[in-house]
Amino acid sequence: MQMNQVHTGSSGGGNAGGAPPRYDPYVNGTGAGGGGGGNNGNGSNNDGRGGGLAQQHHNHHDDDDDDTFSGDFFRRLQGGSGSHSVSASHGGDGIVRNHHPGHHHHPDHDDDYHYDNYHDDDDDEDDIDDEDDEDLNSEAREYYNSGASELVTTVRGDGYGGGGGSNSSHMAESECSSSSHHHDNNNESTGLRQRRTSSGGGSKYQSHNYEPDESEVWRAYVAQQHFANRGQWWTTGKLRALKRWMLTLVVGVTQAIIAVTCNMATKMLMEAKYDHVYDLMEYHRLSSGISPSSSSASTASANNNDAGYYTADGYLDVDQDGIPDSEEYSSGGTTAMDDVNDHLARHWFNFGKSPYLTFLFYQTLFVLCAALFVYIEPVSGGSGIPDIKCYLNGIDVPRIVEFKTLVCRVMGVTFSVAAGLPVGKEGPMVHSGGVVAAVISQGRTKFWGVDTSFSKFSDFRNDREKRDFVACGAAAGIASAFGAPIGGVLLSLEEGASYWSTNLTWRAFFCAMITLGTLFVVRNQDSKWGQANVEKLFSLGEFTSIGGGSSNFSVWELLLFILIGCLGGLIGACFNAGSEHLTIWRMKHINHSKKRRVLEVLAISMLVTTVSFVMPLLWGRCTELPTDMQDWTNQEKELVANLVPFNCVPGKEYNEVASLYLCEADVAIRQLFHFRETGETDSSTFSSAALFLFFIPYTTLACIVYGIAVPAGLFVPSLLAGAAFGRLFGHLLHKLDHTSGTFADSGTYALMGSAAVLGGMARMTISLTVILLEATGNMQYVLPLMMTLMAARFTGNAFNEGIYDINIHLKHIPFLEPEVPTIAERHEIVAGQVMSTEVKCLRPVERVGIVYDLLKSVGHGNFPIVDTASSGTLYGTASRSMLCTLLQRRAFGQPHDVNNGQHHSSTDGGVDYAELLGPKRLSPLVQWDTIERVYPRYPKIDDVQLRPGDRNCWLDLRPYANTAPYTINETASIQRTYRLFRTLGLRFLCVVNHTNQVVGIITRVDLLPESLSDSIMRGRNAHMARRSSGGGGFS
C-alpha cells in the first residue's frame, strides 16, 4: 500500500529539519516546520507549530500510552469499523486535505510520530463518545464519498471554535452540536470538557455579528448611497437618524402602556381574590359571635388605598358618616351578616365557605395560568434580566426577543404576582422593554407570518442596531416599573449593555423619559392632565424629615448602616447559594420535563398559600388600630386602611403578620417604611416578633420560588424582605436604647435593609442607589445608600457571585466578563494556545458541490477564504448565511465558465481557478441589500435544493468575501486577544502567522475561563510528555 510521505522540520528553532514551508492542498505529502516554535522554537506555543504541511492516519490503540497530545493535535474526522483517520500536525501554518477512510497507519511512521490512544474503557464518558463516534463516522463517510474531500483544511488538531484542543461543541459558531472525542487522563480536564460539552453546544447559542462584512457588494451599496446623497440636504443618514429617534419614542410609549396594563390587571385580580377571602373570614367571625362588624364594605376597604377616611380628631371613619368606627362597633351592627351573605352570593363558588380553600383555589388558578404561558414559551420564565444581559453581551439567546415571548412574559407575570408568590414585576418589565424595542425596531415578527414593515425599517435589521434598541428598551422597563428613568439608564449601563457609547446614552435617556411621560399622561387623565399626582406612580412612598429641617439619622449612624450592608450582603450570599443549589437540582430532576415543571409550580404554590395563611393563624393576636393620629401624615393615615383584620374586628383591630403576608408587596413595603416608630415610646405598628415571623419564612419562600417555571422578578421580594430585616434591626436598637430616641426611626433602617438585601443578591451599586433615590424622592439618603450598597457588594462577593451571574453560568452561556479572566493574568498564554486549529477553508472560486457538502457536514458560522496563488494567505472570510443565500439564489457560473470546463483532479494543487478568471466575475451577482433583507431568518442549507449538474458549477466568492476580517497574530497575548474580541463585539477572530497564513480561529467559547484553564492543562501535559520521552520535537 502506498503511504503518505511525512516530512518533519522546523524553521523556528525546533529540533528537526525537513521540508520548507509551502502550500499545496492537493498533494498527498505532509511536512511540519515553520514559524511557531514552541519549547524548541521561537514562538510561545508549547507544541512547536511550523509552516509546513502535516497529515497522518491512525488506527492504533495502546492503553499504556499517555494520552497527552491527542487533545492538541488530533481529531477523529472519519472512520470505519476497523480504522480511524485523524488529522495531525506539528506545524500550524500549513494546510492539509482530509483523506478517505480505509488508509492504514504504516508501522514505519512510529519512528517519526507517537500517536496516543484516545480510548479508555474504564471511563464512563467513553461509552457516550463511542456512541457519538458511530454517528460521526457515518456522517463522515457520506461527506467524503460526496466529493467534498477537495476542501482546504488547516491542520491544528481540533474543531473550529472549540477552545484549543478540546472538541467540545462551540456555542458561538456552530448550529449543530458535536461531542467531544478527546480523552485526557487528567480528571480535572476531563470534567471540564464534560461541562463544556453538556452546555448545549452550538445548536443553542450563537454570537451576534456587530461588524458588517466589508465585501465588494457592500462597498458598492455604500458607494451607491453616497452617490445618491451628493448635493442633498436631506440625506439618507438624516432620514435614518429621524427614524431611529421616532422608533425610540414608540418603544417608550408602548412599554409604558404595557406596564400600566399589567399593573391594573394585577390589582384587579388581587382585589377580587382578597375581597372574597375577607368576606368569608368576616362570615365566620360573625357566625362565631366574636364581635359585631359594621359591614363587609369595611372589610373590603382594608385593601383599598383610597378607602381610609378620618374624622376631624384623626380617628378612623371608613363609612364616612362622621362617627368614628370604634363607636359604631360598640353599638353593634344589624345588617352586617346580611351584607356579607349578599357579597358571598355574588360568587358561584365558596368551597363550603372555607376561607383557606377559597384562597387556595385563587392561588392555584392564577399560578396555573402563569405556568401555562411558560409552558407555551419556556424562555418567558424567570426574571428575564440575565437573558437581556446575555443578549447585550453579544449572545443570541434563542427566542429571547420574539413577540411570542413578550406576550407570554407579560401575561405570565401578571398572574404570578396575582397568585401571591414572592415575586415582582420589575425584572420581567426589563425583559418586556427589551423585547418591545427589538420587535418595533425590526418592524416584522414571525408571529404574524408576514412582513409588516414593507422594508421601511430595513436599515435597522442588523445585530448592532437591534442591540442598541434592546438597551434602550431595558432602560424603559425600569422607568416603567419604578418611575426611575435615570436609574433605568444606569442599570442598562451597569448590568446590561457590554457595549456602550455616548449616542446610546442619549437614546436610552430619551426612551426612559418618554416612558415616564406616558405614565404621567395615562395615570393622571382623571384630573384632565392638570397637576400631576406623582404618588400614583409606583414608588416607595414619600420619606419626610421627622425632625424638621435636619436629617432623619445622625452622622455616627453611618457605621450602623455599613453594618446593615454587611449583614445584607451575607443574607444575599446565603440566598444566592441556596438558589444555586436548587437550580442545579431542578436542572437534574425537573427542567427536562415540562409536566414536571408545572407540577413543581403547583406544589410550591400550595406551600406558599399554606404558609401565608397559617402564619397569621399562628400569630393569633389582634392589635388595636392607631387612634390618635393627629400628628400623622396623610400617607401614614392612608396606610392604616391597608392593615388586614385577619380574624379581628375590621376598622378596630388588625393582624400584624397578615398585614405583611396577605396584601400587595408594594403596600407592605410602604407600611414598613413609613409607619412612625422613632423609638421614644414602646408603641409599634409591627412588633419584633411579627417581623421575625415574616422575614425568615418569606425569604426562604422567595429563594424556593426563584427559578420555577413562572415569570418572576427579584427586586420587590428582596426589597420587602430587606425592609422587614431593617425594621427589625431598628427595633432591636430602640430596645437597647430603652426608648430614649437616640437612634433613627425604624423606617430609615427599613430603607437601608432593603438596599442591603437587594444589593447583596444582585450586587448592583450605582444604578440601585439612583433607583432607590428616585423612588423615595429624598436626597438625604444618598450617602447612607451608597455606603450600605458598597458594604453589601463587598461582603457578598467574598462568598459568591450575584444571582444573575450565577444563573448565567448555570445555563452554560458563554458570557464574556468585562475584565480578562483571572487565570489569564496568572499565566502566560498566547492566542496560539487557545485557538481552534481545525479550520475548514474555501478558495476564492469554489465548486458548488464542495460548498454544499461543507455546509451540510459542519455547522461553523464562518469560513476563511485562502488565496492558493499566494501560498495560502488569508484572502477573506465567508459567512454561512451568505453562502446559503448564494446557493439558494443560484448565484453561480456554469462549468464551462472556468478554464473552458476542463476539470482538474483533486491531486492537482497547481491550479488556481481565481487566477484563471482574473478580474472577471461569474454572474449573476447578488446585491448586498438582497442578502441582508431576510435578516435574521437567513436560509439554511436544508432549504437549498441543487439541481442535476449544479455540483460542477462554480461559485465565485470574491465579490461577497469579507476582505477586511479582524485578525491577530498567534504570538499575541491572551490579554490583548480578549480585549480586542470583547471590545469590538466580534463573532470570531482569525489567527494568522507572520506570513498571514491562517493557523486557527478564536471564538467566544475559546476565551472562557474554563477553556483557558483547559489550554493551560494541555500545555503542561504536553511539556511533561516531551520530557519523559527524552525531549526534542515530536516523539
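Keep in mind that glycine also has a Cβ here, set from the backbone N, Cα and C atoms.
Some features that TrEMBL has for this protein:
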type	residues	note
COMPBIAS	107-118	compositional bias 'Basic and acidic residues'
COMPBIAS	119-137	compositional bias 'Acidic residues'
DOMAIN	961-1017	domain 'CBS'
REGION	1-211	region 'Disordered'
TRANSMEM	245-266	transmembrane segment
TRANSMEM	356-376	transmembrane segment
TRANSMEM	469-492	transmembrane segment
TRANSMEM	504-522	transmembrane segment
TRANSMEM	559-577	transmembrane segment
TRANSMEM	598-619	transmembrane segment
TRANSMEM	686-705	transmembrane segment
TRANSMEM	712-729	transmembrane segment
TRANSMEM	749-773	transmembrane segment
Long-range neighbours of the transmembrane segment (356-376), counting only residues six or more past its ends (CB under 8 A)
269, 272-273, 276-277, 280, 349-350, 404, 407-409, 411-416, 418-421, 594, 597-598, 601-602, 605-606, 608-610, 612-613, 709-711
Determine which recorded stretch among 245-266, 469-492, 559-577, 686-705 has the most C-beta pairs below 8 angstroms with the transmembrane segment (712-729).
686-705
Reduced to three DSSP states, the domain 'CBS' (961-1017) has 24 helix, 17 strand, 16 coil
Averaging pLDDT over all residues of the domain 'CBS' (961-1017) gives 91
Sequence-distant contacts of the transmembrane segment (686-705), meaning Cβ under 8 Å and at least 6 residues beyond its ends, amount to 421-423, 571, 575, 578-579, 582, 604, 607-608, 611, 615, 618-619, 623, 656-657, 659-661, 671-672, 675, 712, 714, 717-718, 720-721, 724-725, 727-728, 731-732, 735
Chain residues outside the transmembrane segment (598-619) and at least six past its termini with a C-beta under 8 angstroms from it
355-356, 359-360, 363-364, 367-368, 370-372, 375, 419-422, 586, 590, 644, 646-647, 655-658, 661-662, 690, 693-694, 697, 701, 704-705, 708-710
Residues outside the transmembrane segment (469-492) whose C-beta sits under 8 Å from one of its C-beta atoms, at least 6 past its ends, are 247-248, 251-252, 255-256, 258-260, 388, 391-392, 401, 425-426, 429-438, 440-441, 460, 500, 504-505, 507-516, 519, 534, 537-539, 715, 764, 766-768, 770-775
Would you kindly list the residues that approach the transmembrane segment (749-773) from elsewhere in its chain, counting only those six or more residues past its ends and only Cβ-Cβ distances under 8 Å?
478, 482, 484, 486-488, 490-491, 493-495, 540, 543, 561, 564-565, 567-573, 575-576, 669, 672-673, 714-715, 718-730, 733, 743, 779, 781-782, 784-786, 788-793, 795-797, 801-805
